[in-house]
């Protein structure tokens, strides 16, 4: 890698919710910047005013805040290379459009949409390039006086990049190696439109990356076909020596079948494709987000990092700091990565297990309050310790362990038929008497006394414990029985046993 300071950027357009593929691109830029002691820039590419969606920019910033991806400079972060919003850089772009016009590397074209459509009808596979430009209405074919007059009259025009034919354009890609494309297949791309006095993506992108001293462009594979054009633009400006290095990341693919992962795939298969819930201001449609679906941000980060990259060993669980140390663009795959949403759930489960019981309890407390439960923290911590290995999401803890906080009002019919025997009411009342006599209601003492009682009486252990579980839980699930009764306490345990006998006898 060159000696220049690493400066990378993530530059979304505020046209809607941030796709999870965009999050992965930002993550890889973040990991690369942190690993090399560089800067991560947040730029907003809002040159397409027709597609602007109110609230999208704020949504993107909030998404990264939740994920823990921090930017060093950019929109809402400040910095010395601003403004960082492209709509605020119009005068800068105009200046560089003029540089290309003055050097003969670009030209003004007046062709109307109707005229271009007519050409497409006339010539199959029509392309505005070296083979057709001299038959079109532009500053290469019209006298200068006429061009000046048309502009003075307010005639709308575009500025096109003049691409010379039959040149092999070499793009060195960190992930894909040498990519070579012949310039003859490229059209004379529009760089600027007089109608809104804004550049197109291609010009703004190159000018901004150069002026912001971006050293590496790490972006999605969908931009690979544009890379030769971008190389030619750097050369046209005389910036070839400071051109950034490119790395085009593999696509995120549908979980089933071929093609790029889309929002429709998430809707169809029941998983989010956005980091946060998104309320579309135009349609009113609400799309699910990873945060609201119960994913932990560190699990999402770890899951995404391994979609298209691997550390070279079998390690799967990695903190953000570990990812920074291990990340290597050369280990990114060229092939697309299938989006395995079940694996995402596995990561979330593993990160719940990694958290301390106190941390998980803190996340579970608001859910308990939503259900009207005011429980002491020490009880919640104990319950979480018993139950967190059974869930993939914090929100699932309620259904999994609500019996610790709310006594059953009904008893599962299937469990009742299978496990509630004819003598169960009598045995449970006996058990209640045994437990009531205990001064020490600790788990260990309960277990010792009850097991001795069962042995002394010659009762069937399974029958007693199954019936005991049904009285406390209402069904046949849950952890070790004496863990449950110890958490419930003596009074609540006795109350539940006796109530169940009343209902079930």
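Glycine residues also receive a Cβ, built from the backbone N, Cα and C atoms like all the rest.
In Swiss-Prot, the motif ''KMSKS' region' annotation falls on 260-264 of the listed ranges 255-259, 260-264, 265-269, 270-274. Residue ranges 12-22, 23-33 are listed, and Swiss-Prot annotates 12-22 among them as motif ''HIGH' region'. Helix, strand and coil counts under DSSP for the motif ''KMSKS' region' (260-264) come to 2 helix, 1 strand, 2 coil. Taken residue by residue, the motif ''HIGH' region' (12-22) breaks down under DSSP into 3 helix, 0 strand, 8 coil. Panel annotation: around the motif ''KMSKS' region' (260-264), residues 19-21, 222, 251-254, 273-274, 287, 336, 339 of the same chain, lying at least six beyond its termini, place a Cβ under 8 Å from a Cβ of the stretch.
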